[in-house]
Amino acid sequence: MAEEREILIFTGTTAVGKTEASLACAEKIGAEILSCDSTNVYRGMDIGTAKPTREERSRVPHHGIDLVAPNEKFSVGDYVAYARKTADDILSRGKKILVCGGSGFYLKAFFSPVADALEISEAVRERVAEILARGNAFAEETLRALNAGGNAAPENFDWKNPRRVAKGLERCLASGKTLAELKAAFDAGQSAFAAFPKRTVLFVREKEDLNRRIEARARKMLDDGLADEVRALLAAGMLRPGTPAGDAIGYRETAAWLRQGEPGGVPALAEAIALSTRQLAAKQRKWFRTQIPVDEVRAL
């Protein structure tokens, strides 16, 4: 029975070849694929996300794709709720589950609890903005004051990281709790998938080979019409800087390139996208070493 409920997870860096491997495996074992890619959830963002094609999706049922518009919010908590409901549905039909993707927060949610859905009111956001406007030192001092001079915060809290401090201020002011209390509540939770046995396969390639694939993919995206896709999304008001969709690799670079008058032409844009993708792959390689349990490393 445990084997029937097992979740098979295929992960690895961007462009490593997860899609091809997952399709072949899913067809062989009778599985349906649950995307674990935070950009695949956005409708209309098809080319730059390397979303599985219609032909690929006709071969194997896919889930977790085209869930929201690019200008809509979709949190890790939203993904977990969707993924759990989908997993139950797949199993109820006698199929196996194959999770495919490499988005860190989504992936980690299969093994660990996610942060609670604490509602941050507009009043709290405005208060935090006022604090931040007075400088990083004042923001740190304020957060320490909310945490018994810093004693009611996790030992490894990064007080010099402005983003962490801003997030800490929001959560402390919204909840009335200290950072230590918030962390304790988080640690007491468990993954929504704790009851599911899991087997994780990490796909890897030699760095030079991966870089060649990244560069080829960037060129193909542009050949396939990425610039036109981004133009249409911008015209529809769907891509805004500072949002997950607007900051997605491929879209961020293309939007900036279009706004700046297409400097350097398509070759310059292809290199900018490839550079950002290589940097992401390097971060992902480090992340996989420590953040999730891996049962098998498979070289491609």
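Every residue, even glycine, has its Cβ placed from backbone N, Cα and C.
When the ranges 37-40, 61-64, 93-96 are checked against TrEMBL, the one recorded as region 'Interaction with substrate tRNA' is 37-40. Through the fold, the region 'Interaction with substrate tRNA' (37-40) approaches residues 48-49, 51-52, 64-66, 79, 100-103, 105-106, 244-245, 248 of its own chain, all at least 6 residues removed from its boundaries and within a Cβ separation under 8 Å. Residues within less than 8 Å, Cβ to Cβ, of Gly12 (ATP binding site) and separated from it by at least 6 positions along the same chain comprise Lys18, Gly102, Leu202, Phe203, Val204, Gln284, Phe288. Between the CA atoms of Thr13 (ATP binding site) and Ser103 (site 'Interaction with substrate tRNA') there is a gap of 9 Å, rounded to the nearest whole number. Look at the Cβ of each of the recorded positions Lys18, Arg125 and count the other Cβ atoms within 10 Å; the largest number goes with Lys18.
Counting other CB atoms no more than 10 Å from each candidate's CB, the recorded positions Thr13, Thr14, Thr19, Ser103 peak at Thr13. Apart from Gly12, Thr13, Thr14, Ala15, Val16, Gly17, Lys18, Thr19, the residues listed for ATP, the same chain places the Cβ atoms of Gly102, Phe203, Arg205 within 8 Å of the centroid of those Cβ atoms. According to DSSP, Lys18 (ATP binding site) sits within a helical segment.
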